[in-house]
Amino acid sequence: MTNEEPLPKKVRLSETDFKVMARDELILRWKQYEAYVQALEGKYTDLNSNDVTGLRESEEKLKQQQQESARRENILVMRLATKEQEMQECTTQIQYLKQVQQPSVAQLRSTMVDPAINLFFLKMKGELEQTKDKLEQAQNELSAWKFTPDSQTGKKLMAKCRMLIQENQELGRQLSQGRIAQLEAELALQKKYSEELKSSQDELNDFIIQLDEEVEGMQSTILVLQQQLKETRQQLAQYQQQQSQASAPSTSRTTSSEPVDQAEVTSKDCSRLANGPSNGSSSRQRTSGSGFHREGSTPEDDFPSSSGNGNKASNSSEERTGRGGSSYINPLSAGYESVDSPTGSENSLTHHSNDTDSSHDPQEEKAVSGKGNRTVGSRHVQNGLDSSVNVQGAVL
């Protein structure tokens, strides 16, 4: 019997019904009653089956809860045991401390008999009496200074107190105002000082930038001078080779004129080296070239010549060195050491060439004396170039 089928009605029969009703009707009522009983039994069985499963689940849950509660109980019992043990330990410690803190009669007697403790108690007693006396005196003074609102002394004292309070407030304002003014003045000074520092820093930055530009210019000038010096040395080496090839016992004036032309070329290169990257006028280059024609030449050791010409050259070079060697060395070295800019190098070289032209004699333009002069002048030129290179290296 399913839950969807309606439950049959319960049949109720009394004793009168049994007596009055017919047999067929009684059988029908009995069948209805049996159907009702069967429906109830089916429902009961269904309920019993559901209740059994639910009871089993609930039983398992209860068992788990019982186990969990038993475990918790054990844990709590252990905690309780530990707490009780701790409490016992605490009680024992408390009893021990009480016993320690409660001195015995013997200890009390020993403390009372101790002279140091007796002295300490006597001092405490004296100080207590002094404080009591001071307290009484202060109370008496306080009671003497008490006054009523109508007393003149109280009014005067209150007025004096108000006046003192006002004076204190005014003094505080003055002090605060003076401090603020001082701080403002210091702040203005600091601002002015910071502005001056800023301006000086800007000037220094501009000066440093200018110095960097000048250093770059000097470096480019030095590079050009080094290149020109290298070219000049190469030309001097070529000139020495030509001189060594051309110097022979059968030399004539024609062969001596060729070195003069080569010396002019060398002097032009030297003047260009001294002038640096600046493009000077042709007249200045000619002037400096004539000056270097008398000075710039190769060293004396690189000139192989005959004995006669060598003696003449050595005599003329000694005479030239004795008369104006110092005048050659100082102007030339000074001229090369003063190469700070293209304009300065051009002016110094022009001045040096004018001095050298004015110091020469017309008789020194001879072939033999010219060779000696070129020898000495080449030494001076090399010394001046080396000194100028050293000076520029120190500048870098």
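Just so it is clear, glycine is given a Cβ too, placed from its N, Cα and C backbone atoms.
Quick caveat, the model's predicted, so the values are computed rather than measured.
Here Swiss-Prot flags Met1 as N-acetylmethionine, drawing on similarity to another entry.
When secondary structure is read from DSSP and collapsed to three states, Ser14 (phosphoserine) falls in the coil class. Here the Cβ of Ser14 (phosphoserine) has 8 other Cβ atoms within 10 Å, regardless of which shown protein chain they belong to. As annotated by Swiss-Prot, phosphoserine applies to Ser14 (among others).
Taken from Swiss-Prot, the feature compositional bias 'Low complexity' covers 240-257 (among others).
Per Swiss-Prot, region 'Disordered' is recorded for 240-396.
Per Swiss-Prot, compositional bias 'Low complexity' is recorded for 278-291 (among others).
The phosphoserine annotation in Swiss-Prot covers Ser297 (among others), and the record cites a large-scale study or a structure entry as its basis.
Annotation source Swiss-Prot lists phosphoserine at Ser305 (among others), citing similarity to another entry.
According to Swiss-Prot, the compositional bias 'Low complexity' annotation covers 305-316 (among others).
The phosphoserine annotation in Swiss-Prot covers Ser306 (among others).
For Ser341 (among others), the entry in Swiss-Prot reads phosphoserine.
Annotated phosphothreonine per Swiss-Prot: Thr350, in sequence order, evidence recorded as a large-scale study or a structure entry.
Positions annotated as compositional bias 'Basic and acidic residues' by Swiss-Prot: 352-368.
Residues or ranges marked as phosphoserine in Swiss-Prot: Ser388 (among others).
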